[in-house]
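All remarks here apply to the structure that follows.
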Amino acid sequence: MQHTTTTTTVEYTDGETVYMEQEDEWEREGLLDPAWEKQQKKTFTAWCNSHLRKAGTLIESIDEEFRNGLKLMLLLEVISGETLPKPDRGKMRFHKIANVNKALDFIASKGVKLVSIGAEEIVDGNLKMTLGMIWTIILRFAIQDISVEEMTAKEGLLLWCQRKTAPYKNVNVQNFHTSFKDGLAFCALIHRHRPDLLDYSQLSKDDPLHNLNLAFDIAEKHLDIPRMLDAEDISEGVPDERAVMTYVSSYYHTFSGLQKAEMAANRICKVLKVNQENERLMEEYERLTSDLLEWIRRTLPWLQARQSDNTLADLQKKLEEYRLYRRNHKPPRVEQKARLETNFNTLQTKLRLSNRPAYLPSEGKSVQDIANAWKNLEGCEKTFEEWLLAEMMRLERLEHLAKKFNHKADIHESWTAGKEEMLMSQDFRHSKLNELKALKKKHEAFESDLAAHQDRVEQIAAIAQELNALDYYDCATINARCQAICDQWDRLGSQTTQRRNALEETEKLLEKIDQLHLEFAKRAAPFNNWLDGACEDLVDMFIVHTIEEIQGLIDAHNQFKATLGEADKEFQAIMSLVTEVQAIAQKYQIPGGLDNAYTTLTAQVISGKWGDVKKLVPARDNTLQAELKKQQNNENLRRTFAEKANGVGPWIEKQMDAVAAIGMGMHGSVLEDQLNRLKEYENAVVSNKAIMEEMEKIHQAVQEAMIFENRYTQYTMETLRVGWEQLLTSINRTINEVENQILTRDSKGISQEQLNEFRSSFNHFDKNRTGKLNPDEFKSCLISLGYSIGKDHQGEIDFQRIMSIVDPNSSGYTQFDAFLDFMTRENVDSDTAEQVIDSFRILAGDKPYILPEELQRELPPDQAEYCIQRMQPYTGGDAPREALDYMSFSTSLYGESDL
């Protein structure tokens, strides 16, 4: 048989509320499934007769006896208790249609919108439409008023069956067809409410017909529920859902008188669930706090350590470790701290809303303890990073000084090489007069050279002293070399004096001297010294940090190049002396005339050094230009970082001000709008994280370039990091506060106007915009809202009682959440320990104690076990040994007992 399905919509309206229920329906030309049609006809007929018998009549054929509308109107009057309009008594078709329409109009007047059901189909005996109409009546008058935890009627009836049958073996109600096939669900419902009517333990899942017939017989005989179903129809095939729902609804209404116990159990479960959730949040807070404080304790020694082997490589390694810590290790802890504070605030709000005492963390684990530890950690981070940078600057300078020391020492030792042997020589003993005079002049030139080198020795000693003062790691080697140079210099001084005295004693014997050689020696010696100094300056190493410093070196070098013209003239003059000596010696054939007895310098030496100077000048140009380019790159890095920082820094400050303004309620908008704006700020912060990551890369490049100052911005990477973290923390904290205010507002039923009034008064007395009121400000705020506080001793006692409520931790101030909770508590009722005691008294059958089996019968297993483990034994008289004291247990849930 072919058929198709359509959907008939039945709408139930009650005031402004519309209940919608979708039902599958055969098309007008189609037929119902025969098995379901049979079940529905039997069930709906029995249901109708269960009500019609009250009027002294019955029906046998549901599709025939409702056609004239008379019994249909009678059925509606019985089940509604109201009187319908007088029916038409004629037997014509239009009389029947008029009566059926009166019935349908009455159904519609009860808030039911009938779709696809017309009076003509009922009059014509359309079975499908007749069954659909009866089902609509059953839904409206037998099932619609079933409500369990704000669910729809069908869902509520199903949940009622599930709860009532939950303790029973082999029963798992998931629907209104297959779940009832074996009959155990019907038997379980009867046994749950009337255990005296059957022995459930004797039933077997393998005997569905016996189970079904047993349940139907007992329901008919003892519960006055007519037999609406056939056991064979239910156990074979798929039962009709509407038929089963109709029959089960009769059970529900029969047992509805026992709903007080179920409501009492629901209330207890709700209270216990709140308590268990609060305990879970407390345990989570203790765990997170312990973990965070332990991490801080382990991290602090590392940040406080100042050990180093005084090498730049070791400091750079420590800096890289610190960057890794800031990038990988700390961010998760920042999130953990924010989550911990959020959980703590949420817990305190839930405790206030459920009239529980405020939660006091274990010693050393309060929010303030965490804040202090975190502040100490950030302080150690700052000092550690400052120490690293200062040490790197110091070691960089030490490396430069050490290289400069060794360079000058190399030059000095190269100059002094062989000088002691020369001064100790006795060559003048066998010299001719002119040779002696030459030796004397040579010695005088040496003394001039020696005096000129005095500055270099003093520079070497000064550098060594500075290295010692700065604690250079290889001071022992520096000191040993410096001491050797100083000792040698002292010996050279004494040896020079001794040789000069010997030459003066021999001078009387020697007279003649070659003036040209003397002139050469006089002019060549200082020029040679100038050449040595020039070469030394041209290869001198330098360290600069700014463009101005390198530009100063370039200007000094340009000034030096300007003097090369005069130096070239001096070089040409000295070379002319050599040329003249060569000419005279060649002209007059003077033996040894080319040997200058007055100096060890030769034209080749002077010419070679002069050539070296001319080569070093362009090399020095290249070195200075390369350093200038490096400093220009560093300047670009400074400007790049400053440009980013000068944008991000004010943006963070602006966002902080905006978030603070929302937290203070300065905009006066509704809380949901404030929450949306905060989340927009949070999204903006998250979306700008890429900018911070880019700045971290720029900052790393700045540090790698050894840039320690930036005159283009007041912001450092550390201040931006701290500002960024504070902004995230502030947003999360403010979101949490607003959500708690919404929770308080909704749970306490206060209006937005009341909330705005409370916020306006609070902000008015919060002069410093700290989000807190001291006791005097709080008292003034209460008075401004019409709260009467006397000025006498009793008034002070009353005010101290109020302070103990809004400031349970005795912190000395009142926050807005606690203020709001107090003001709403003054006007809104909430659940109390007395309500819970009354609920337990219902379960206990008005006894002052309750038995474990009563808890296990009425409460879910986990909730029942929770109560049994925590209830004290009942100590009153005339009670079984296993009796439990539910009164002290109830007061302990609200902090009103020492339990």
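Please read every residue number as a count from 1 along the shown chain.
Note: Cβ is positioned from N, Cα and C throughout, glycine not excepted.
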Annotated coiled coil segment (source TrEMBL; candidates 187-214, 271-298, 803-830, 831-858):
271-298
DSSP helix/strand/coil residue counts for the domain 'Calponin-homology (CH)' (151-256)
64 helix, 0 strand, 42 coil
What average pLDDT is reported by the model for the coiled coil (271-298)?
85
Do you know the DSSP helix, strand and coil residue counts for the domain 'Calponin-homology (CH)' (38-142)?
67 helix, 2 strand, 36 coil
